[in-house]
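Undergrad: Here it is: the structure, laid out below.
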């Protein structure tokens, strides 16, 4: 947005990432997962607001006189289509892997089953409404040239903005605030692991003994994440790798394995073989997804340089 408003501006992408990192350092000091409950609700509102704005902007862009040429054809090479398919499966696994958060939260206090079902129902309802409406409208408006960050398609480098500035401006603000909330939620796991070793549970959360290590560890962690984000500006490729290596095993392999280990169904039972089938299929999908995602990362590596101002999609 800055480059569109100020084409000759001197600020670079990594400088904006540094600004966000400073804000994240301050917000990361919120002590517990429970402290984020209001941020989680704000994140839900922001997701719905962002989706509403993006869908409206895509429809406006698709119907405008400056509408880009739409090409819905697939890649010509069959091998490229296969690799792209597995990369897409990995990205979708990362998207739907959001459901693992309410699952973890629900197990922290009884009764787990009812809360987990309600949480997952809300989670997947929001995912279906937000991700699918944005992806369908974006693909309709821009075809196979649609950017993985749809805002970049709405603000092309070579031509006027394809949506009203106020709409894109609000969408950018919404997604920035949403990313701050997402960063805080997903970082809690790392914080818990670090502070399990550094914290003294016999002392208060805000005692000097616990406050100082928490301040140092969380600050260093966020600085490291910000540095990596600025140094390696990938977007869609990273989602693919995370989905293949992280979310496919967590969502589709580990639960079936743990079920068979815990309840020990007979090897002749249907549930045993269904679980085994799911584990085998998604292990294969994860391996292929990891290979294709890393392959795309290597191919796209030719398009970027360290601390670049262009995000590789």
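The backbone N, Cα and C atoms fix where each Cβ goes, and this holds for glycine too.
If you look up TrEMBL, you'll see 9-295 marked as domain 'Amino acid transporter transmembrane'. If you look up TrEMBL, you'll see 12-30, 42-63, 83-101, 121-142, 162-186, 215-235, 241-259, 271-294 marked as transmembrane segment.
Can you walk me through where each of these features ends up in the structure?
TA: Residues 70, 126, 129-130, 133-134, 137-138, 140-142, 150-151, 153-154, 162-164, 167-168, 170-171, 174-175, 177-178, 181-182, 185 of the same chain sit 6 or more residues outside the transmembrane segment (42-63) yet have a Cβ under 8 Å from a Cβ within it.
Taking Cβ pairs closer than 8 Å, the transmembrane segment (162-186) reaches residues 1, 20, 23-24, 27-28, 30, 33, 36, 39-40, 42-43, 46-47, 49-50, 53-54, 56-58, 60-61, 64, 66-68, 101, 151, 153-156, 225 in its own chain, all 6 or more past its ends.
Residues 86, 89-97, 99-100, 275-276, 278-279, 282-283, 285-286, 289-290, 292-294, 297 of the same chain, all 6+ positions outside the transmembrane segment (241-259), place their C-beta atoms under 8 angstroms from a C-beta of that stretch.
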Undergrad: Other than its close neighbours in sequence, what residues sit by the transmembrane segment (215-235), given a CB gap under 8 Å and a spacing of at least six beyond its ends?
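TA: Residues packing against the transmembrane segment (215-235) from afar: 13-14, 17-18, 20-21, 24-25, 28-29, 148-149, 183, 187, 190-191, 194-195, 198, 297, 300, 304, 306-313.
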